[in-house]
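Listed features, source Swiss-Prot:
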type: DOMAIN; residues: 74-103; note: domain '4Fe-4S ferredoxin-type 1'
type: BINDING; residues: CYS83, CYS86, CYS89, CYS132; note: [4Fe-4S] cluster 1 binding site
type: BINDING; residues: CYS93, CYS122, CYS125, CYS128; note: [4Fe-4S] cluster 2 binding site
type: DOMAIN; residues: 113-142; note: domain '4Fe-4S ferredoxin-type 2'
Amino acid sequence: MKNYYLVDEKRKTPVSTWEKISQTFRRSVKLELFVGLFVMMRELLKRNNSATIKYPFEKVKLDNRYRAVHRLMRFIESENERCIGCGLCEKICISNCIRMETSLDENGRKKVGNYSINLGRCIYCGFCAEVCPELAIVHGTEYENAAEQRSYFGYKQDFLTPIDKLKNQVEFEGAGSLRKDADLLVVKTPNYYDVMIERALENQDTQEQGENK
């Protein structure tokens, strides 16, 4: 068995009432107490040294990787929805709070008819944004989503970027987005080199034809 010992063997455990009162008094008038009071008063009397902000008139600037209420993105050029209805976000959701209904349009392409997220159940883990192949669902910076009901659902029209505000849509840089040097990290396949050789030969032929003329 191990031999246990006290950290301070010289200190005796108070037994009588007077010893307990004496121990409490000694601990109360130690130097550490006055040091803490001095630091508190010094910070209190400083000007323009407030540790708080005047919410809601002032708000903390959020980082790009902050995970708040979701957003559904559009393509700026065509104004079409990025979501292809693959259902990966619904399958990977560990809170089981995403529901998606898809159907086929007149061209035989899959379209998303209904899309809902139970914001009261969501834990904002970011898995849905990371698994999305089209960067269609991302996390925004809207965190003021208090509701009176426990099950608070957000629907497709609540998350999707309106067309009139599409010009103000900013690409998401948080969870699920590509790195700025993503192109440099892509491993080039043999087909890439074949294409580059063909392009070089075509450029060479074009230059030779121009010189012959």
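Sequential numbering from 1, following the chain as shown.
Even glycines carry a Cβ here, placed using N, Cα and C.
The shown structure was predicted, so the numbers you read here are calculated from the model rather than taken from an experiment.
Annotated features, which come from Swiss-Prot, shown on the structure.
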| residue | record | Cβ contacts under 8 Å, 6 or more apart |
| --- | --- | --- |
| CYS83 | [4Fe-4S] cluster 1 binding site | LEU72, VAL112, TYR115, GLU134, ALA136, ILE137 |
| CYS86 | [4Fe-4S] cluster 1 binding site | PRO133 |
| CYS89 | [4Fe-4S] cluster 1 binding site | ILE98, MET100, PHE127, CYS128, ALA129, VAL131, CYS132, ILE137 |
| CYS93 | [4Fe-4S] cluster 2 binding site | PHE127, CYS128 |
| CYS122 | [4Fe-4S] cluster 2 binding site | SER95, CYS97 |
| CYS125 | [4Fe-4S] cluster 2 binding site | ARG67, ILE94, SER95 |
Message: Using Cβ atoms and a strict cutoff of less than 8 Å, what residues sit near the domain '4Fe-4S ferredoxin-type 2' (113-142) while being 6 or more residues removed from its termini?
response: 62, 66-73, 81-84, 86, 88-89, 92-103, 149-156, 159, 172, 174-178
Statement: Simplified to three states, DSSP reports CYS89 ([4Fe-4S] cluster 1 binding site) as helix
Field: Other same-chain residues whose Cβ falls within 8 Å of the Cβ centroid of CYS83, CYS86, CYS89, CYS132, the recorded [4Fe-4S] cluster 1 site, in sequence order
entry: ILE84, GLY85, GLY87, LEU88, CYS128, VAL131, PRO133, GLU134, ALA136, ILE137
- prompt: Over all shown protein chains, what is the count of other CB atoms within 10 A of the CB belonging to CYS132 ([4Fe-4S] cluster 1 binding site)?
  reply: 20
Field: DSSP three-state assignment for CYS125 ([4Fe-4S] cluster 2 binding site)
entry: coil
- request: Within the same chain, and leaving aside CYS93, CYS122, CYS125, CYS128, name every residue whose CB is within 8 angstroms of the centroid of the CB atoms belonging to the recorded [4Fe-4S] cluster 2 site, in sequence order.
  value: CYS89, ILE92, ILE94, SER95, CYS97, ILE98, ILE117, ILE123, TYR124, GLY126, PHE127
Query: Over all shown protein chains, what is the count of other CB atoms within 10 A of the CB belonging to CYS128 ([4Fe-4S] cluster 2 binding site)?
result: 27
